Amino acid sequence: MKSEKRMNKDRLWTKDFILLSLSNLLLFFGFQMLLPTLPAYVSQKGGGNLAVGMVISLFTISAVLIRPFSGAALDLIGRKKVLMVGFIISLFAIGSYYWAATVFFVLGLRFVHGLGWGISSTTNGTVASDLIPAARRGEGMGYFGLSSTLAMAIGPMIGVMIIRSFGFGVLFLVSFTSTFLAFLLTYLIDISEMKAQPSQKSRVSLGSRLIEKRALFPSLLVLLFSITYGGIVSFITLFGKEAGIENVGWFFTINAIFVFVTRPISGKLFDKKGHFSVLFPSAFFTIIGLILLSYASSNLTLILAAVFYGIGFGSIQPSLQAWTINRVSADRRGAANATFFSAFDLGIAGGAMVLGTLAEMTNYEQMYRYSSIFIVIYLLIYLFYMIKEKKKEELEVEGER
């Protein structure tokens, strides 16, 4: 009888988890299909290179700015109300893109869309951490992350196909419909409200409400990792031209496949053996992937680089998120997720800036080679932390004797 109750308690594939994963897939699909197409829309409206660049930067800035506040709201107000606000803002922005008469209006909507995205994506991640049993958190976050990985793999390609065949009007309609369906699915989910108690609210300072201190160390590691990802998404097309590789899109396809395959495996390993068994070896896969990419001169080398980097990405990102959630109480998961995703976004934006400057000083080949230094720093910081924790445990054991 007890074992049966335990099995029900540790059950991962519940109705709510499946619905949330589908909702997240649709939310990310609506977002991903706009990534390669909105710059073209701004260009069609008469925007120059600066305006095209601001399509990405304004969205990232607003998402990063809102995440800490949305995390605090999740813990103080509740999941469902905050999720509703995020979806409504996103739907307003997507539904208005087509009617934007000027480039300035499009950029303004992009900033608003970033606010909605920051709220809704943070909330979905927090609700997932509520639904996943603690004993299967690594595995569960790995499976949940597959929804965004699948959207990342097919969204941009479908977005480009739509504007080529039907135009921007149909693109925005499909993106709006996908986001709206994601919104509807969340209403079928029984969302537990992990709100802080009144006594807890008064004890927590504003700074602590916005940023969860216990999430800072995993967030630092994911920031270092995402700097390298920022260099890939920003410059791999230009690197392809420099290296004479015609179709660099293969990198994203193969990378997505191996992220998809790796997530569930690394998640189970995380739950059984702990974070070191995943985070330490995966860093070496990432380093090998970046070095192979820097030497790529053909599709074969590019694909090999994508395999290694995909294994690293598919292991590190969900494991760090699961570790983040394991370090905090249920009523602080909103702030913890917000801290984690803000670090991830800042790493991508910072990577584009820092590695872009490095590429101007050298070239893209050397830029990718040197970007592996950020993973070496990640390894050194992580190993120092593990040694410190081991010494702390030894002192505690000696004190008990």
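The first residue you see is number 1, and the count goes up from there.
Every residue gets a Cβ built from N, Cα and C, even glycine.
Bear in mind that TrEMBL entries carry predicted annotations, made automatically and left uncurated.
Remote same-chain partners of the transmembrane segment (12-31), defined as residues 6 or more beyond its termini with a Cβ less than 8 Å from a stretch Cβ, comprise 90, 94, 117, 120-121, 124, 127-128, 131-133, 136, 139-140, 143-144, 146-148, 150-152, 154-155, 158, 174-179, 181-183, 185-186, 188-191. Per TrEMBL, transmembrane segment is recorded for 12-31 (among others).
The annotation domain 'Major facilitator superfamily (MFS) profile' is assigned in TrEMBL to 16-390.
Annotation source TrEMBL lists transmembrane segment at 51-70 (among others). Same-chain residues lying 6 or more positions outside the transmembrane segment (51-70) and placing a CB less than 8 Å from one of its CB atoms are 38-39, 42-43, 82, 86, 103, 106-107, 110-115, 117-119, 121-123, 210-211, 334-335, 338-339, 341-342, 345-346, 348-349.
Positions annotated as transmembrane segment by TrEMBL: 82-109 (among others). Packing against the transmembrane segment (82-109) from elsewhere in the chain are residues 30, 34, 38, 41-42, 45-47, 51, 54-55, 58, 70, 73-74, 115-124, 127, 168-169, 172, 175-176, 179-180, 182-183, 186, 191, 334: each is 6 or more residues past its ends and has a CB under 8 Å from a CB in it.
Taken from TrEMBL, the feature transmembrane segment applies to 115-135 (among others).
The transmembrane segment feature in TrEMBL is assigned to 142-163 (among others).
Annotated transmembrane segment per TrEMBL: 169-189 (among others), in sequence order. Taking Cβ pairs closer than 8 Å, the transmembrane segment (169-189) reaches residues 16, 19-20, 22-27, 29-31, 33-34, 37, 80, 83, 87, 90-91, 94-95, 97-98, 127, 158-159, 162-163 in its own chain, all 6 or more past its ends.
The transmembrane segment feature in TrEMBL is assigned to 215-236 (among others).
According to TrEMBL, the feature transmembrane segment maps to 248-266 (among others).
Marked as transmembrane segment by TrEMBL: 278-296 (among others).
With a cut-off of 8 Å between Cβ atoms, the residues of this chain six or more beyond the transmembrane segment (302-323) that come close are 125, 137-138, 140-142, 144-145, 149, 218-219, 221-222, 225, 229, 232, 245, 248, 250-263, 266-267, 270, 275, 278-279, 282-283, 285-286, 288-290, 292-293, 296, 337, 340, 344. The annotation transmembrane segment is assigned in TrEMBL to 302-323 (among others).
Among the features that TrEMBL reports, transmembrane segment is placed at 335-355 (among others).
Positions annotated as transmembrane segment by TrEMBL: 367-385 (among others).
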Looking at the stretches 115-135, 142-163, 215-236, 335-355, 367-385, which one shares the most CB pairs under 8 Å with the transmembrane segment (248-266)?
142-163
Answer yes if the transmembrane segment (115-135) and the transmembrane segment (215-236) have at least three CB pairs under 8 Å among residue pairs 6 or more apart in sequence, and no otherwise.
no
Segment confidence, the domain 'Major facilitator superfamily (MFS) profile' (16-390), expressed as mean pLDDT:
86
